[in-house]
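K.L.:
For reference, the structure I am asking about is given below.
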Amino acid sequence: MEPENNTRVSEFCLLGFSEDPELQPLIFGLFLSMYLVTVPGNLLIILATISDSHLHTPMYFFLSNLSFVDICFTSTTIPKMLVNIQTQSKAITYRSCITQMSFFLVFAELDNFLLAVMAYDRFVAICHPLHYTVIMNPRLCGLLVLVCWILSVLHALLHSLMVLRLSFCRDIEIPHFFCEPNHVVQLACSDTFLNDKLMDFTALLLASIALIGILYSYSKIVSSIRAISSARGKYKAFSTCASHLSIVSLFYGTGLGVYLSSAITQSSHSSATASVMYTVVTPMLNPFIYSLRNKDIKKSLKNLFGG
């Protein structure tokens, strides 16, 4: 594999989780199963919200967008890994790697922003119930989703352009199952100081903005729930947030776990294993969390299948 003009290589090598041939069928079966659960599960959420007029509300509009993003998020990484295992090839072309990395950044950031928007939706519903339909009108909902897309695409574009300026002067082995941005940058042979600082700054800034929005929304929600006199009223108000709160905890908890795992162990394989939680497991569990805890979704799914 010869470098082209000493600036880029023709392809990368994705090492995955293990080089043991005996483990490959097990890894393939496990990830194929999770992918075949994730895609239909999130598609069902989308179909339920589209087909049932009772679910044509801001909360379910954002949920269907989250489900679509989760399908795309998982589809960015898993199919390529499955193909590589099946064909016994670890190669991914330079162009495909940059493309995969870009889409990964787009959908990861969209998850982050959509969870913040959904928290704001719950804040308005519980703290300002009489003005909910006026505030969360279709125009504002569409605008919020559009802003999420624009910010996510700009973030991914910035990082992709920064990676394109790097030089890769030797054979590249990425100790991951996809082109994870940090690993790609770390393997460059040119100066990566600007890339490292930019990645750290933007990741911290965007995650902080979303997380501060979520924490602020829930602090107001908790205050409003505490002011409700009846226990039944408190339970009803909290139950509308329970599913979203579970997904927020899962998403940020696993993301923090990946960061701590990378920082403490300094092991690429442990980092790859930990990243499965937020790239595969979280999108897979989202439909179950919403369908099991939400009577409206369960009723809509029963009607959808004639139950």
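One-based numbering along the chain as shown.
A Cβ is built for glycine as well, from the same backbone N, Cα and C atoms used for every other residue.
Below are the features listed in TrEMBL for this protein:
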- 26-47: transmembrane segment (TRANSMEM)
- 41-290: domain 'G-protein coupled receptors family 1 profile' (DOMAIN)
- 59-78: transmembrane segment (TRANSMEM)
- 98-120: transmembrane segment (TRANSMEM)
- 140-158: transmembrane segment (TRANSMEM)
- 201-218: transmembrane segment (TRANSMEM)
- 238-260: transmembrane segment (TRANSMEM)
- 272-292: transmembrane segment (TRANSMEM)
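Map these features onto the structure and tell me what's around them.
P.N.:
If you look at the transmembrane segment (272-292), the same-chain residues 6 or more away from its ends with a CB under 8 A from one of its CBs are 16-17, 31, 34-35, 37-38, 41-42, 44-45, 63, 66-67, 70-71, 73-74, 77-78, 175-178, 180, 243, 246-247, 250-251, 254-255, 257-258, 261-262, 298, 301.
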K.L.:
Which of 98-120, 140-158, 201-218 shares the most C-beta pairs under 8 angstroms with the transmembrane segment (238-260)?
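P.N.:
Ranking 98-120, 140-158, 201-218 by Cβ pairs under 8 Å to the transmembrane segment (238-260) puts 98-120 first.
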K.L.:
Taking residues 6+ outside the transmembrane segment (140-158), which of them lie with a CB under 8 Å of any CB in it?
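P.N.:
For the transmembrane segment (140-158), the far contacts come to 58, 61-62, 65, 102-103, 105-107, 109-110, 113-114, 117, 120, 198, 202, 206.
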